[in-house]
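Structure first, commentary second.
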Amino acid sequence: MAPSTTSHCEHLTHPSPLTTGLAAVLLVGILVSYLPQHLKILSRRSSEGLSPWWVLLGALSSIAALGNILTLPASRQDIGCCQELGKGECAAALLGVGQIGCQWTCFMFIVMLFLIFFPSTTTTADLSSSVSSLTSSPPPKRRDAVIVASITVLALLVVGITSVALVASDPDHTQAWANFLGTVAGLLATIQYVPQIWYTYRLGDVKSLSVITMLIQVPGAFLFAFSLWQRVGWDGWSTWAVYVVTGILQGNLLGLAIFYYIRHGRMGKSSAGEADDGFTGVDDGDGATAGAENADERTTLLNRRRSENGTRTSRKSLPIANGTHTSNGSQRQLSMLYAATPPEHDSDRS
């Protein structure tokens, strides 16, 4: 092993407790932060509310970030030092790689759930969302899922094959490729939340977006960037700068999501209050109150009892004309006519 590599490994034999502890907490935090988002999609059995562009750009960004950390010379030196370090020291040295690897795995799971529970046209056009859909984004099309899946798989193949080929052919000159992937990851992360912010704004609802996930990830993004900066320094700016940008944009999306969450909560309470008020002293429009005041001897016994109890009376259809409902005035006129006409058996007796 080269002397520079050996000196680098000696530096890793005494990891900083603060840096190691922070990296371990962030690793667990990344996994915990994505769980609410996974569970919300699974519980709703729909990925409605997730912008296809957000999913695609997030997948491409995570792929580029993973390729960046794996091809970065400093990271590969850490991996090579595991041959000289103990298990605990090796685990501490690879926490930075584990963080990005865990984030890539969690976001790829979101991509998978997005494709599995992709909302169909009939699902997004139901009665519960028909009113809001008039002013919201158009329902996603199935081709959006095909585009997301195809480009994601293609990016995995291109980045994976190119990275392996460069590391195998010239392992000492992969810094440029790592910087390129880091720059691409940063640019994609910058663009990633723009369509989701616009999509959520037009939709007017968070739908399958998890507010809990964003509450954890916004401060976690800055801690993540600080942890990576401690490991790779300013020379590895392409590794940690992406998470600074992500934290800023995700904070804007979080503010928008909280606004809609609070507004819909207030609207739900006001709608419940109006529904409760609507059941008190409501006239059903069938003249039940007027029927109680104008009841006479010609009113049937059933209608008189209903009028006295103050209950609603449902419209009855009489077997006349075309079978449509008649008004109370028509019913009274018919009852008068029937009362004036003697029964058939009385006519026969006379």
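Count begins at 1; order follows the chain as displayed.
Cβ atoms are placed via backbone N, Cα and C, with glycine included.
If you check TrEMBL, you get these features:
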COMPBIAS  295-309  compositional bias 'Basic and acidic residues'
COMPBIAS  323-334  compositional bias 'Polar residues'
REGION    278-350  region 'Disordered'
TRANSMEM  20-39  transmembrane segment
TRANSMEM  51-71  transmembrane segment
TRANSMEM  91-118  transmembrane segment
TRANSMEM  145-168  transmembrane segment
TRANSMEM  174-194  transmembrane segment
TRANSMEM  206-228  transmembrane segment
TRANSMEM  240-262  transmembrane segment
Range from 51-71, 145-168, 174-194, 206-228 with the greatest count of C-beta pairs under 8 A to the transmembrane segment (91-118): 51-71
Range from 20-39, 51-71, 174-194, 206-228, 240-262 with most C-beta pairs under 8 A to the transmembrane segment (145-168): 51-71
Intrachain neighbours beyond the transmembrane segment (51-71), with Cβ under 8 angstroms and 6 or more residues off its ends: 96-97, 100-101, 103-104, 107-108, 110-111, 114, 140, 144-145, 147-148, 151-152, 155-156, 159-160, 163, 166-167, 174, 177-179, 181-182, 184-185, 188-189, 191-193, 195-196, 198-200, 238-239, 242
Surrounding residues of the transmembrane segment (240-262) on its own chain - C-beta under 8 Å, 6+ positions past either end: 61, 65, 182, 185-186, 189-190, 192-194, 196-197, 200-201, 204-206, 209, 211, 214-215, 217-219, 221-222, 224-226, 228-229, 232
Cβ-Cβ under 8 Å with the transmembrane segment (20-39): same-chain residues at least 6 beyond its ends: 92, 95-96, 98-99, 102-103, 106-107, 109-110, 113, 209-210, 212-213, 216-217, 220, 223-224, 226-227, 230-231
